[in-house]
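Worksheet: one structure, shown below.
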């Protein structure tokens, strides 16, 4: 391919540009075309002192290195992201970083990941030496075949190795980076006709797919374990919450029981106090009544007072007796008066003179005088 497909210059904003591509190893996702890099384009975050990794298209690589005979293990040229020195291979870059920048902890972008197919073009790491030893060791996986290993080492984004086989349509394939970041698509072809054949390419593709699937499984493994840990934590929290609720309920029940017992005890105490008060009051009243009786029974009056009281009582008794006798005598006298009047009437009938008592005669005289006063005067003569 003659273009950096999917990549745009961050200075002139030209997309899918031709020529050399310069990727900053300090700034995240920052690419420049050749003209902007040579003119010294800078921004607020990017300066000309930042190390840049040069990436070529396949056409430019064939143009620059087409006449040279490269072995299978011929490395690419990488730039140190710390000091900016160029021309390192994978092994020499690892040796340089471990010897010169072992204690440096600045966050940089791995130039090898940006150049390898399927790698992260913006992989940021703060321990570049450990990243190189873990991810970009010189002896590749031993379980892979030599052809597959050669394909992995010779594949490079934006580059292709020379030879007439590189231009055959059935011997190259395209790859693109993921994540929406700056990427490049290019065709790949082997350098030796004997070493590489279509079966080896298919095997290399299958191994790449297996590696990507294994990486995804490895990346998803801790997430599943984290989910399990979270579930266990949630279950423990729920158990703790239930235990706390049970403790609260037991405490509430205990407080309610104590309150009811205290209420009953207070009621019994109040009833006992009222009963005791009532008994005390009744005892006091009994004692008071006893005291009154004793006071009445006690002889406190003098002899003269007693004699006067006895005389008064005797007089009263005599008066009552006289009243009773007088009433009885009046009834007998009234009956005797009626008998005498009957006898006087009998005497009158016999022609005897009626003898009036004096009070009756006086009453008759008074009646006659009053009648005379009430009579009208006689008519004049």
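Backbone N, Cα and C atoms are what each Cβ position is placed from, and that goes for glycine too.
Other C-beta atoms found within 10 angstroms of the C-beta of residue 2 (phosphoserine) number 13, with every protein chain shown included. The annotation phosphoserine is assigned in Swiss-Prot to 2 (among others).
Per Swiss-Prot, the feature zinc finger maps to 4-60 (among others).
The DSSP secondary structure for residue 36 (Zn(2+) 1 binding site) is helix. Around residue 36 (Zn(2+) 1 binding site), the C-beta neighbours below 8 angstroms that are at least 6 residues distant in the chain are 9, 11, 12. Taken from Swiss-Prot, the feature Zn(2+) 1 binding site applies to 9, 12, 33, 36, supported by sequence analysis.
Annotation source Swiss-Prot lists Zn(2+) 2 binding site at 24, 27, 46, 50. Residue 27 (Zn(2+) 2 binding site) has a Cβ environment of 17 other Cβ atoms inside 10 Å. The DSSP secondary structure for residue 27 (Zn(2+) 2 binding site) is coil.
The zinc finger annotation in Swiss-Prot covers 78-101 (among others), and the record cites sequence analysis as its basis. Per-residue pLDDT, averaged across the zinc finger (78-101), gives 89.
Annotation source Swiss-Prot lists region 'Disordered' at 154-193 (among others).
Summarising the annotation, Swiss-Prot assigns phosphoserine to 169 (among others).
Per Swiss-Prot, the feature phosphoserine maps to 189 (among others); the stated evidence is similarity to another entry.
Look at Swiss-Prot and you will find 212 (among others) tagged as phosphoserine, backed by similarity to another entry.
Under the heading coiled coil, Swiss-Prot lists 224-257, citing sequence analysis as support.
Residues or ranges marked as region 'Disordered' by Swiss-Prot: 250-314 (among others).
Positions annotated as region 'Disordered' by Swiss-Prot: 329-348 (among others).
Per Swiss-Prot, phosphoserine is recorded for 335 (among others).
The feature phosphoserine is assigned by Swiss-Prot to 336 (among others).
The Zn(2+) 2 site is defined by 24, 27, 46, 50, and by the 8 Å test on Cβ atoms against their centroid, the other residues of the chain that qualify are 25, 26, 30, 43, 45, 47, 52. Listed in chain order, the extra residues whose Cβ falls within 8 Å of the Cβ center of the Zn(2+) 1 site residues 9, 12, 33, 36 are 10, 11, 13, 14, 17, 32, 34, 35, 37, 41. Remark: of the binding-site residues 9, 12, 24, 33, the most isolated position is 12 (fewest other Cβ atoms within 10 Å of its Cβ). Under the three-state DSSP scheme, residue 9 (Zn(2+) 1 binding site) falls in the coil class.
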